[in-house]
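**Q** Dumping the structure here so I can ask a few things about it.
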């Protein structure tokens, strides 16, 4: 990546630009792993899908399939997850996985700090409401402490604009529209928003050191920041698959807190000051195990109920068959025993 920070201008999002829950399901094309600074030789023979060790996902795994993009739903069968690279998919999608396992990803963070990391619950932080004079003074103090030109500016209506830096710390692959060649970071930098006519998708791993600067309003919400980042990389995965975290360092420990959808990152940045240790933002997979059912559409919720009913019926059928076989064996043993 270039040393120059790439800026994403994020103003008001029009309703038509929002990413709704009922998008067209995308089909999987050939999935490739793109290593930063390398190109894939078409003449090389490649056997896809090697190295994975899939095992049943845990009972708290509520996430989206890395292959088809659909939500992984169920109580008994939660899907599969690779023990090495955390690739997660439906049972039905296992045979279609073409992306090779990359092994455990070292994301280059301070190992001494990461061992003592505390991940707080996704509780919205109480932020004080600043008056116009207090906001103006805070912005003046903030601009006086930074060593770059990424200043904050106060608007006439009392809102303000500024820059936030987001580090993409993603373990699992992301999906982009399929093309003749895999997209690079340079392609994403030149690209536009995601197309609604996309029918196929390609998977790759984002570089571990991917960082984006976003120019946002004070009222820009965390969910809008996530959507803007995905559009910039042309990622077609569901935005609910990801979450924005605030990262702070205190007394040699790293604390992560998941931001709620309606929190305002620029306001948090202003209150914390420009220090990266006091506050930084990280984009990660939303693997907290919590599901915001209000974010799903009515057809999706009805579909989940149908899946739950089918799974319940299948589970009951298996239990009845198990007890029926046991009963039959006991009866056979009784008939085989001599009388007296």
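Each Cβ is built from the backbone N, Cα and C atoms, and glycine gets one as well.
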**Q** What range among 303-306, 307-310, 311-314, 315-318 does Swiss-Prot record as region 'MOAP1-binding'?
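**A** Spelled out, Swiss-Prot records region 'MOAP1-binding' over residues 311-314, not the other listed ranges.
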**Q** Please compute the mean pLDDT of the model over the region 'MOAP1-binding' (311-314).
**A** 80
**Q** Summarise the domain 'Ras-associating' (194-288) as counts of helix, strand and coil residues per DSSP.
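**A** Once the DSSP states are binned, the domain 'Ras-associating' (194-288) shows 22 helix, 33 strand, 40 coil.
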**Q** On the DSSP side of things, how many residues of the zinc finger (51-101) fall into helix, strand and coil, could you say?
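**A** Per DSSP, the residues of the zinc finger (51-101) fall into 3 helix, 10 strand, 38 coil.
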